[in-house]
């Protein structure tokens with residue numbers, strides 16, 4: 001009541017002299033951001049609310065996490081933190097002046113929030129206004145900022161530091177390095193030789209070798225020469241640098257990067273990329289008009305590359321008026337700079353009901369049990385992204401009045417539709433050398449990376465990635481003895497080879513190739529592309545044909561021999577993901593893409609690829625391991641074994657985020673540490689089950705004692721928990737070895753052979769490169785029959801991965817397409833079938849598809865047809 005009296009009226013505005021008194025009890029909880037602290041002032045940790053949103057964003061003055069209006073109470077209840085900085089950006093219409101012009105009207109002298117501005121905003125009619133204020137919970141007392149005179153010094157410093165803090169994603173901005181480029185000291189005084197050199201628009205080649213890529217134009221004499229590999233990663237013989245050393249001509253521009261906005265310029269003398277303020281004049285000297293240039297990947301202007309433009313137009317359905325789609329499931333994702341691969345994969349993932357139920361259906365539970373820093377929790381970020389895509393909250397159609405205004409006037413107040421997955425990308429790519437960069441990536445590799453993270457972070461009793469998992473039966477045959485071996489492995493993608501030899505338009509392809517070579521020799525524009533047409537049946541046939549096994553050792557002959565391998569489906573997944581293996585490597589080791597058209601079917605039946613196991617008349621290869629080759633230098637073995645030991649120690653590190661998640665449920669801290677340790681860092685869910693099973697033990701809350709490496713198994717299985725049933729190794733030990741990259745059956749066999757001693761088990765694995773197949777029926781009791789209805793293959797206990805089997809008949813519901821010459825460049829879009837029609841997801845743009853290019857896809861998604 002006394003504090004309430006300090007405020008004026010219902011708007012809770014503080015009287016000037018009482019601010020210090022009010023804030024005194026909260027001073028210990030207010031921190032000043034230090035170097036290295038991440039300040040999340042642009043995005044909520046649980047949603048995509050931001051200062052642009054209606055309710056603004058609340059930033060905790062202790063943890064610097066941001067929360068939208070819907071989630072701020074959760075953080076307050078969970079942490080007891082009371083003081084938040086509320087940030088709000090307003091978009092307001094300018095007040096017209098007497099003469100008809102707009103007069104600025106601002107509550108703040110400047111825009112102080114480090115936010116992106118909408119390119120849709122018409123600056124003649126609208127402007128931004130930023131607002132900040134301190135809010136004290138639970139009574140929502142508000143203190144407007146700036147209020148320097150009345151606030152305690154610590155609070156003022158903390159607010160200023162928070163407002164001026166850079167975004168935690170700043171280092172990931174794709175173009176941030178360009179801001180640091182300096183104008184070259186040679187640009188203003190560059191001497192250009194009047195030697196009559198004119199650079200053609202295409203057909204470039206290094207003047208000292210035959211390279212046609214990674215070419216640089218010297219701006220002094222017009223020489224076209226190849227660069228070194230470190231210029232852009234494409235490779236070269238360094239002739240551009242050699243030319244500089246011979247002549248001293250300092251500046252060169254990379255051909256293929258010239259656009260009306262500029263070009264990539266390198267200074268050999270200054271040894272760094274530079275800006276050339278006079279680049280237009282320097283290029284005009286050699287007959288290059290910047291305004292007519294468009295950036296390409298192969299050095300051709302866009303009117304010379306109809307094949308590539310055609311691919312981009314067809315896949316993105318350019319030239320067709322597409323109807324925008326709004327509402328739940330039709331939310332776009334912003335491209336953060338070559339992040340379209342992530343956008344396309346996540347749109348497909350969250351169109352699958354199992355993923356929707358696992359993350360969006362469990363959203364309240366995931367959010368309630370998230371760690372104190374939800375930005376570093378996989379399941380929280382997945383639930384946040386799923387809700388952002390499926391709720392419809394960020395995909396709202398314009399109001400009728402706004403539609404009329406847009407028809408009458410081109411300018412309009414911007415709509416904040418779509419989501420920006422910066423926090424998600426930052427977390428999911430953390431520590432990965434490729435996905436954490438701003439380079440373009442392979443969508444198939446990202447899909448597998450995502451599935452790996454889903455597997456490692458269970459979100460309930462069922463793992464949503466189960467729907468993709470299937471067993472592959474591999475049949476290996478010794479060509480000399482004709483004996484066979486059957487093995488099984490887990491996979492998530494069916495990789496389909498491109499049967500180029502089966503093209504149905506070979507004559508056209510041969511004619512096109514001749515015309516292309518003639519055009520290159522004459523430096524004329526290339527002819528219109530003729531794309532190879534490949535029957536899907538030929539690709540499926542190529543998948544089922546035997547392949548040679550390199551370096552095959554036959555246990556029947558006790559020697560190396562020729563061997564062949566065929567693959568079949570030991571189970572059919574609920575959702576079949578098919579990758580067309582379009583990408584390969586050229587002779588120059590540069591990734592290339594096979595530009596083909598494949599008649600992918602809407603309905604797919606692969607029942608004939610069902611595995612059948614050992615057939616009558618077949619004789620199995622003996623279970624004899626190949627001889628161990630002892631290296632000349634015994635230190636090699638020691639080094640490799642020490643690597644195993646280091647991996648073991650890493651595996652024993654305790655995941656503190658899981659510990660804190662359990663501790664927040666009220667369990668003793670030491671018990672939580674033991675639970676996470678004894679379950680091999682498999683996540684809070686598994687550790688929670690351990691706590692329930694052991695909470696009655698007298699030493700439940702005693703401190704964790706981690707034995708030395710060689711002593712881990714000194715007391716057998718008791719060192720890591722109860723012994724498994726039927727004399728099986730403890731699941732905790734098995735999990736530790738699996739986490740090092742070994743197969744499950746290998747881990748079990750090694751532990752059994754060494755009496756559950758982890759160190760000896762690792763040595764056993766190293767000395768048995770081809771361990772015998774586990775034959776214990778307790779491990780392999782799977783029902784492999786093809787039932788009419790999908791069923792989970794039963795296994796005793798929890799051994800092995802869970803496999804969902806069923807009929808091999810599928811229907812297409814989505815595909816991801818790639819445009820460009822390799823996985824290192826280009827663009828991805830996703831097409832999904834929803835509510836009876838196809839929809840194209842092209843980053844932020846979500847529209848009804850008119851002509852889905854199903855023949856040009858890269859990754860296809862099929863779901864099982866119910867019986």
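FYI, residue positions are counted from 1 along the chain as it appears here.
Here the Cβ of each residue, glycine as well, is placed from N, Cα and C on the backbone.
Positions annotated as domain 'UBP-type' by TrEMBL: 182-290. According to TrEMBL, the feature Zn(2+) binding site maps to 206, 209, 226, 239. What TrEMBL lists as domain 'USP' is 331-865. The active site, nucleophile feature in TrEMBL is assigned to 340. Sequence annotations record features per position, and here TrEMBL assigns domain 'UBA' to 653-694, 728-768. As annotated by TrEMBL, active site, proton acceptor applies to 827.
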Give me the DSSP three-state residue breakdown of the domain 'UBA' (653-694), ordered helix, strand, coil.
29 helix, 0 strand, 13 coil
Compute the centroid of the Cβ atoms of 206, 209, 226, 239, then list the same-chain residues not in that set whose Cβ lies within 8 Å of it, in sequence order, for the Zn(2+) site.
207, 208, 210, 211, 215, 225, 236, 237, 238, 240
Rounded to the nearest Å - Cα separation of residue 206 (Zn(2+) binding site) and the residue listed as 'active site, proton acceptor':
28
Let me check the 10 A CB neighbour count of residue 209 (Zn(2+) binding site). How many other CB atoms are there?
13
Based on Cα coordinates, which of the following recorded positions are within 10 Å of the residue listed as 'active site, nucleophile': 209, 226, 239, 827?
827
Between the Cα atoms of residue 239 (Zn(2+) binding site) and the residue listed as 'active site, proton acceptor', find the distance and write it as a whole number of Å.
31
Over the domain 'USP' (331-865), what does the predicted model average in pLDDT?
79
Do me a favour and check the Cα-Cα span between residue 226 (Zn(2+) binding site) and residue 827 (active site, proton acceptor); whole Å is fine.
26
List of residues, in chain order, with Cβ under 8 A from that of the residue listed as 'active site, proton acceptor' and at least 6 apart:
312, 340, 818, 819, 820
If you draw a 10 Å sphere on the Cβ of the residue listed as 'active site, nucleophile', how many other Cβ atoms land inside?
25
Taking the Cβ of residue 239 (Zn(2+) binding site) as the centre, how many other Cβ atoms fall within a 10 Å radius?
21
Across all chains shown, how many C-beta atoms besides its own are within 10 angstroms of the C-beta of residue 226 (Zn(2+) binding site)?
26
